[in-house]
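Look at Swiss-Prot and you will find 396-414 tagged as compositional bias 'Basic residues'. What Swiss-Prot lists as phosphoserine is SER291, SER339, SER380, SER387, SER427, SER436, SER439, SER821. Residues or ranges marked as region 'Disordered' in Swiss-Prot: 251-273, 285-325, 346-423, 781-824. Sequence annotations record features per position, and here Swiss-Prot assigns repeat 'TPR 2' to 115-148. Among the features that Swiss-Prot reports, repeat 'TPR 6' is placed at 635-668. According to Swiss-Prot, the repeat 'TPR 8' annotation covers 704-736.
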Amino acid sequence: MTVLQEPVQAAIWQALNHYAYRDAVFLAERLYAEVHSEEALFLLATCYYRSGKAYKAYRLLKGHSCTTPQCKYLLAKCCVDLSKLAEGEQILSGGVFNKQKSHDDLVTEFGDSACFTLSLLGHVYCKTDRLAKGSECYQKSLSLNPFLWSPFESLCEIGEKPDPDQTFKLTSLQNFSSCLPNTCTALVSNHSLSHRQPETVLTETPQDTIELNRLNLESSNSKYSLNTDSSVSYIDSAVISPDNVPLGTGPSILSKQVQNKPKTGRSLLGGPTALSPLTPSFGILPLETPSPGDGSYLQNYTNTPSVIDVPSTGAPTKKSVARMGHTGAKSVFSQSGNSREATPVLVAQTQSSGPQTSTTPQVLSPTITSPPNALPRRSSRLFTSDSSTTKENSKKLKMKFPPKIPNRKTKSKTNKGGITQPNINDSLEITKLDSSIISEGKISTITPQIQAFNLQKAAAGLMSLLREMGKGYLALCSYNCKEAINILSHLPSHHYSTGWVLCQIGRAYFELSEYMQAERIFSEVRRIESFRVEGMEIYSTTLWHLQKDVALSVLSKDLTDMDKNSPEAWCAAGNCFSLQREHDIAIKFFQRAIQVDPNYAYAYTLLGHEFVLTEELDKALACFRNAIRVNPRHYNAWYGLGMIYYKQEKFSLAEMHFQKALDINPQSSVLLCHIGVVQHALKKSEKALDTLNKAIVIDPKNPLCKFHRASVLFANEKYKSALQELEELKQIVPKESLVYFLIGKVYKKLGQTHLALMNFSWAMDLDPKGANNQIKEAIDKRYLPDDEEPITQEEQIMGTDESQESSMTDADDTQLHAAESDEF
């Protein structure tokens with residue numbers, strides 16, 4: 001018995017798209033047993049991989065000669081997932097034994113999937129410490145497909161500084177069309193007799209606003225007339241993969257049920273649009289064409305007051321009347337930016353000389369409620385009468401209202417959202433040009449151009465959004481945290497109020513040691529996306545600094561219940577027990593985080609700080625070195641190594657590691673502060689004061705920096721300057737015992753014994769056991785000249801005060817933790 005391949009393939013893709021992986025695997029195994037082809041092999045391996053069985057896909061593909069680009073890419077993907085990096089590299093680029101393939105060779109071999117191939121190869125290079133080659137692969141991947149975000153993200157994380165303005169742009173229609181799925185280009189090609197893309201190169205403005213070139217409309221009448229073959233049937237892409245079953249292959253056995261279904265549209269970048277107030281200005285792609293007797297299929301465009309009439313094979317038409325409908329709110333993906341103004345859309349109503357049951361004008365339904373058998377999309381549908389027909393060549397279109405122009409209020413909103421004013425003007429020029437084309441009665445001539453043109457317009461809005469987000473993320477990876485907060489805070493509200501953006505802002509506040517603000521942002525993330533795990537390790541550390549044990553306990557419980565395979569959840573649990581001073585349990589949880597993800601650098605760092613607290617310095621050194629091995633730009637681990645060497649009084653090594661951390665994060669006042677302390681220990685007191693002054697310039701209210709500067713001044717016998725510094729510090733941290741203790745020592749040196757005793761008494765009252773300091777690094781004996789002090793309790797505090805028992809009610813020791821002080 002022979003199994004027909006195409007129906008089985010369609011059934012497999014339908015099962016995959018409905019997450020019925022067991023059914024998909026079973027059918028794919030039957031198909032591969034019947035047809036031993038590369039296509040069936042790839043389909044079976046895809047089923048294995050999507051069902052989470054990468055090792056099965058790897059062994060299947062490894063046991064057969066993979067010659068097609070699809071199979072090669074999937075095999076390489078499996079190798080990377082299984083940590084077989086060398087094998088994955090050899091599959092993609094040739095490796096050591098074969099000739100190394102260039103980027104152009106990869107583009108030629110893999111075609112449209114070359115951008116993903118290069119991104120995967122770049123990941124392999126970066127994991128094997130070949131950052132320069134990895135950077136080249138990422139950049140080439142982005143040049144092929146600017147819609148990819150992860151290559152840009154990876155470039156920022158390895159220390160590169162890609163220019164978002166040059167990265168997220170579209171240079172031509174040809175380049176743009178290569179980034180889209182086959183179904184998108186099929187929309188244009190299937191509507192033309194020649195089945196060709198228009199050879200139109202779209203010029204680029206600084207913000208990717210495209211102006212339509214002067215087209216020779218008369219000469220193109222014969223090339224781009226719009227006719228639709230009635231035998232063409234669009235098949236739901238959720239049922240059949242476009243790579244295996246072309247959309248224009250005739251009526252499908254899988255789409256019989258669509259005969260009585262209202263005409264629906266699928267939202268995609270650009271194209272004709274019929275939008276609800278809740279959806280972005282993406283277009284509606286037809287999922288099926290009208291039947292020969294049904295000419296009610298309508299198309300309309302946002303920002304383009306035109307009617308795109310699809311000819312019907314039914315009775316001849318007489319006349320066409322244009323009606324106005326309104327779309328709802330436009331999103332950032334529309335070319336005119338974040339305008340909330342409604343834009344008029346033309347909806348054509350036609351009358352036929354043939355039999356018809358109704359002459360009621362068909363208008364765009366404002367509701368967003370889909371019929372029961374429609375696809376579950378939020379975008380609104382076109383509901384039209386089954387009996388009306390569409391005119392084939394409309395010569396006269398009447399506009400009842402002119403299109404609205406964004407008013408002053410809209411412009412101000414647009415500018416705030418990061419979409420510049422020239423975009424609006426260029427968009428209006430496009431609209432005017434489209435209007436003039438319609439008035440000349442040549443709409444059927446340039447329909448393919450307009451369709452591609454609207455795809456480009458919608459994509460330009462997405463590019464503008466990605467540019468702004470890219471600038472914010474680049475600033476954050478460069479530790480320009482204030483700039484990152486400013487850029488991300490000016491994103492459109494509906495993008496700002498998402499988990500990813502808020503997590504980046506929360507992380508920026510965390511790096512600035514503004515823990516109260518960070519906690520506020522992260523709590524908002526938890527409110528709007530309670531399922532988000534990414535970034536919650538930073539939230540847990542924030543709560544640790546703020547000593548909010550209840551909130552931290554709730555967070556860790558929720559995360560571990562939700563996903564026991566995420567390292568973030570176990571880091572939160574470890575922080576929870578660390579706050580309770582249960583260091584042994586915390587160590588076990590941090591080790592569990594590493595077990596779950598051995599490439600998670602932050603877990604190594606937290607574990608290292610925990611070992612420091614238990615005085616297991618050798619284990620702590622190993623943890624910090626592992627963190628650096630996983631991520632050389634993880635400055636927290638460099639800081640941890642510096643702290644250990646400082647404890648061991650290896651001051652030169654400590655300074656070197658602190659300096660390495662500062663090279664990664666030059667905006668950290670805490671790192672500068674520690675470098676100043678080490679320099680003073682190396683008898684470089686003047687240089688230490690300069691370094692501490694730089695730290696205070698960056699953060700004038702950093703109590704740790706001011707405290708250390710006062711200590712250095714005191715050690716250099718500049719008592720009056722030290723006293724002035726301590727009086728200012730007392731205003732910032734009025735309940736810090738060590739401040740009063742050092743003030744007492746200054747007064748004693750000045751010979752004012754009564755004031756010295758008074759401050760010593762206050763220090764004892766504030767901290768009778770020396771266990772509740774807010775500034776963890778106390779005065780070290782090496783700071784002070786040799787003298788006999790009657791207060792011995794505070795002397796004990798000096799060398800031992802590096803525990804986690806601090807009360808974080810003021811913004812003091814938070815500064816220390818911003819650079820991962822003694823813990824993180």
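Placement of Cβ uses the backbone N, Cα and C atoms for every residue, glycine included.
Looking at the repeat 'TPR 2' (115-148) alone, the prediction's average pLDDT is 92. Taken through DSSP, the repeat 'TPR 2' (115-148) splits into 27 helix, 0 strand, 7 coil. In terms of DSSP secondary structure, the repeat 'TPR 8' (704-736) contains 26 helix, 0 strand, 7 coil.
In the repeat 'TPR 6' (635-668), helix, strand and coil residues by DSSP number 27 helix, 0 strand, 7 coil.
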